[in-house]
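TrEMBL has this to say about the protein:
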type	residues	note
DOMAIN	61-494	domain 'Major facilitator superfamily (MFS) profile'
TRANSMEM	57-87	transmembrane segment
TRANSMEM	99-116	transmembrane segment
TRANSMEM	128-146	transmembrane segment
TRANSMEM	152-173	transmembrane segment
TRANSMEM	185-202	transmembrane segment
TRANSMEM	214-237	transmembrane segment
TRANSMEM	343-365	transmembrane segment
TRANSMEM	372-396	transmembrane segment
TRANSMEM	402-428	transmembrane segment
TRANSMEM	466-490	transmembrane segment
């Protein structure tokens, strides 16, 4: 066995005569360090194993929570093609077409409003289940609708279900996600919206060859399938730890945090932050001030949050993304494509582009931050919308016009997906205090759905009045205004915990610097508090 500090005897042999192996001697056997090294390696392996398991679990929760978003995306995508055959089968007018397309977004605001209160009462998890059930009922009615009136009833039910789902998914994911990955994970609902849009386009193309009185019913019926999987998800995903804290179920919240945090030693710190944010620490009673009253008479910090959250949600829609997606066949027809099959094939290209570029956002949102992606997105959309306006107005219906129209539409949805599409939902799920998060997030979702509905229900009428090119010129101007809004009102939230972001809005430095407040400033506020 090798030794450190072994003396040499007079005959040149190694010996122990000059070495005192007492307990305080600095010379030690080399193998005495091995148990410590083995123990350290073992602990490292265990931590690595725990981290991988935790990441997989949180990822699964984010995926399952995002399934409701597929329903919204699928409806947007499938209606762009199904409406062609509904028009042919039920003989509806152009105004009825606009109402049928846009009413879902308008009605979904009621689901979003009710979702905030419902999620505070029954929890985030069971609100997602309720959303799926209501949507399934609406989809079933639409599949068997014999008339425009019955079809509208189905759209109303589906809209309420989608309103629940759109509002609750980002809130739930933000509340279970670790800080370092929150941006990417909270973007998952937008990924699934895009995936749903793509599936809707593919469904249109796949079933377009069937008779007109059957194909649109199958197209709409396929949308029921994603909500079925949500039933299985309820057996996998936990309740939000922050909601559990509000309910004074602290032990259950700790159990969830142990599953969703890679470092077990940080769980108590995270739990204490949530307790302070919820005002339940030291046996304190949850603040009884009416949430509604607080939202209607906000403090300066809350007013900043509401301007940011509500504003970014509205800008996401009034830049015309739903007009581009819902009415892409009409846009391409205006550019010169006449054949129905070619129209639907072009919309598939739009869906693929939208889905691919949302993946880019997921990779970059926690590396570059929210604000740089918003700049790239809004500036790029402005250029593409202006290009589409110019193309539809001046290039006519030739091959160049068709190519430029497809390129401009695909470019617009690409820039949307890489920035304002996902970042909008990430921000509104991050910036509000815990006690207000669900209902303030619902208010933002309401703004989003109202703007979406207004755009969808007026696009054809406005385009007939001032031309398609004129309408997209207006969208390009609005998109340019959104660039200024991002600069003035949107702070960077990358790398900050939800509780730190709340404090960020309370500092006066938030104003007048383009929304940039360093994390050190926030930590100073925490220490001061």
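Cβ from N, Cα, C; glycine included.
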Proximity of the transmembrane segment (343-365) to the transmembrane segment (402-428), 3+ C-beta pairs under 8 angstroms: yes
The transmembrane segment (128-146) in contact with the transmembrane segment (57-87), cutoff 8 A, at least 3 CB pairs, sep 6+: yes
Recorded stretches the transmembrane segment (57-87) and the transmembrane segment (402-428) touching, at least 3 CB pairs under 8 Å: no
